[in-house]
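Undergrad: Right, I'll just put the structure down here and ask away after.
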């Protein structure tokens with residue numbers, strides 16, 4: 001059995017930054033550190049940080065006065081930000097800068113009195129945070145997930161209308177929704193490039209190349225990870241058996257026993273150690289050496305806040 005690795009895969013710059021913010025806060029200030037929502041959607045990462053003293057909460061009211069609070073990579077609404085500001089809390093923001101960019105687009109539309117449409121998945125924390133940047137009662141903020149949603153949407157003034165997208169969507173599906181928006185609302189204005197982030201786009205491109213060669217595709221990522229789910233869906237749409245797994249223990253021998261080639265990739269919030277463990281398990285099941293495919297090189301780095309830049313040797 002051949003093992004192929006998608007490239008790129010795993011951590012993106014925004015996830016790397018968010019995890020570093022929590023780790024550095026724990027190093028500098030000690031436990032407990034409170035984090036609103038899972039800092040990234042990966043069970044292994046969250047469990048590891050919890051063992052170090054991170055406490056994951058959903059409501060600001062759960063945080064005691066004087067504590068340190070970190071916003072997750074998915075971002076928060078202005079209401080949550082204002083609630084935290086009203087408390088005696090030290091706040092660090094781990095929102096991905098590419099999510100913040102979308103927040104700024106929504107806030108700008110709100111100030112101008114334009115109505116805004118967000119393409120995204122209802123209930124996802126990034127969507128809740130982005131929708132929560134709009135606060136102009138004269139306008140309106142709407143959420144759509146599909147071309148069908150667009151057909152049913154009623155706005156107040158289609159002459160002053162803009163759209164934004166969640167950063168972790170399917171590139172193909174989003175393109176269909178944008179086409180539907182432009183057909184329904186010819187004057188709608190969007191970003192120069194859709195808001196789907198570089199890492200999401202690159203990983204979908206990589207899993208497409210992987211699925212062209214593999215009989216079975218394993219996507220390392222947690223069930224609540226939007227971008228990981230999109231990778232598995234894309235491989236399935238290409239007619240391949242694809243499975244979303246948290247770690248190597250999820251692999252069922254029946255999935256791969258008749259496969260000549262198994263492809264492995266990982267969502268943007270999945271650490272490489274999980275991929276290495278999957279490779280080891282596949283080799284136990286008869287796989288050969290893992291061969292990485294060629295792909296786009298990623299060199300993007302997002303700096304942590306200067307207050308949290310720490311040389312661990314200085315605090316040992």
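Cβ from N, Cα, C; glycine included.
Marked as active site, proton donor by Swiss-Prot on the basis of sequence analysis: 126. Look at Swiss-Prot and you will find 12, 96, 197 tagged as [4Fe-4S] cluster binding site, backed by sequence analysis. Residues or ranges marked as dimethylallyl diphosphate binding site by Swiss-Prot: 41, 74, 124, 225, 226, 227, 269. Here Swiss-Prot flags 41, 74, 124, 225, 226, 227, 269 as isopentenyl diphosphate binding site. The (2E)-4-hydroxy-3-methylbut-2-enyl diphosphate binding site feature in Swiss-Prot is assigned to 41, 74, 124, 167, 225, 226, 227, 269.
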Undergrad: Out of 12, 126, 167, the recorded positions in the record, which is closest to residue 269 (dimethylallyl diphosphate binding site) when you go by Cα distance?
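TA: Checking each of 12, 126, 167 against residue 269 (dimethylallyl diphosphate binding site), the shortest Cα distance is to 12.
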Undergrad: Pull out the binding-site residues from the set 41, 74, 124, 225, 226, 227 whose C-alpha sits within 10 Å of the C-alpha of residue 96 ([4Fe-4S] cluster binding site).
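TA: 74, listed in sequence order.
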Undergrad: Of 12, 126, 167, which recorded positions come within 10 Å of residue 227 (dimethylallyl diphosphate binding site), going by C-alpha to C-alpha distance?
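TA: Within 10 Å Cα-Cα: 167.
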Undergrad: So for residue 269 (dimethylallyl diphosphate binding site), how many other CB atoms are inside 10 Å of its CB?
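TA: For residue 269 (dimethylallyl diphosphate binding site), the 10 Å Cβ neighbour count is 33.
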Undergrad: Do any residues at least six apart in sequence from residue 12 ([4Fe-4S] cluster binding site), in the same chain, have a Cβ closer than 8 Å to its Cβ, and if so which, in order?
TA: 197, 198, 199, 268, 298, 300
Undergrad: With a radius of 8 angstroms around the mean position of the C-beta atoms of 41, 74, 124, 225, 226, 227, 269, what other residues of the same chain does the dimethylallyl diphosphate site pick up?
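TA: Once 41, 74, 124, 225, 226, 227, 269 are set aside, the remaining close residues are 40, 126, 168, 224, 228, 267, 268.
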Undergrad: Would you mind checking how many other C-beta atoms are within 10 angstroms of the C-beta on residue 226 (dimethylallyl diphosphate binding site)?
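TA: Result for residue 226 (dimethylallyl diphosphate binding site): 24 other Cβ atoms within 10 Å.
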Undergrad: Looking only at C-alpha atoms, tell me how far residue 126 (active site, proton donor) is from residue 41 (dimethylallyl diphosphate binding site), rounded to the nearest Å.
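TA: Rounded to a whole number, the Cα-Cα distance is 11 Å.
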Undergrad: Using the Cβ centroid of 12, 96, 197 as the reference point for the [4Fe-4S] cluster site, which residues of the same chain not in that list have Cβ within 8 Å?
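TA: Neighbours within 8 Å of the Cβ centroid, excluding 12, 96, 197: 13, 14, 15, 73, 97, 98, 99, 167, 168, 198, 199, 200, 268.
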Undergrad: How many Å separate the Cα atoms of residue 226 (dimethylallyl diphosphate binding site) and residue 167 ((2E)-4-hydroxy-3-methylbut-2-enyl diphosphate binding site)?
TA: 10
Undergrad: Check residue 225 (dimethylallyl diphosphate binding site) against DSSP and tell me helix, strand or coil, would you?
TA: coil
Undergrad: Since the record lists 41, 124 as binding-site residues, which of them has the fewest other Cβ atoms within 10 Å of its Cβ?
TA: 124
